[in-house]
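Lifted from Swiss-Prot, the feature list:
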- CYS18-CYS69: disulfide bond (DISULFID)
- CYS22-CYS44: disulfide bond (DISULFID)
- CYS30-CYS50: disulfide bond (DISULFID)
- CYS34-CYS52: disulfide bond (DISULFID)
- 8-70: domain 'LCN-type CS-alpha/beta' (DOMAIN)
- LYS71: lysine amide (MOD_RES)
- 1-7: signal peptide (SIGNAL)
Amino acid sequence: IGMVVECKDGYLMGPDGCKRGCLTRPARYCPNECSRLKGKDGYCYLWLACYCYNMPESAPVWERATNRCGKGK
């Protein structure tokens, strides 16, 4: 009997609704943050934002369709 686990990839999102930046962060910042949220791995995309792989469906990731960065709460 198999079990299907839904996962998603995407940019980590901060409490302000913006992508989580990584330009001035230590090298392992993004992989550590992705792991903390139960993602498999991650990296600093173009030294601008953390991108994570295999995140649980419940993890908040930035999406263009629901972008609220810079738009208040």
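Cβ coordinates are placed from backbone N, Cα and C, and glycine is handled just like the others.
Overlay of Swiss-Prot annotations on the structure.
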residue : record         : Cβ neighbours (10 Å)
CYS18   : disulfide bond : 17
CYS22   : disulfide bond : 22
CYS30   : disulfide bond : 25
CYS34   : disulfide bond : 24
CYS44   : disulfide bond : 20
CYS50   : disulfide bond : 27
CYS52   : disulfide bond : 26
CYS69   : disulfide bond : 11
LYS71   : lysine amide   : 9
From CYS22, CYS69, LYS71, the recorded positions whose CA lies within 10 Å of that of CYS34 (disulfide bond): none
Between CYS30 (disulfide bond) and CYS52 (disulfide bond): CA-CA distance (Å): 8
In sequence order, the recorded positions (CYS30, CYS50, CYS69, LYS71) whose C-alpha falls within 10 A of CYS22 (disulfide bond): CYS30, CYS50
Secondary structure content, the domain 'LCN-type CS-alpha/beta' (8-70) (per DSSP, counts of residues): 11 helix, 23 strand, 29 coil
Those recorded positions of CYS18, CYS69, LYS71 having Cα within 10 angstroms of CYS30 (disulfide bond): none
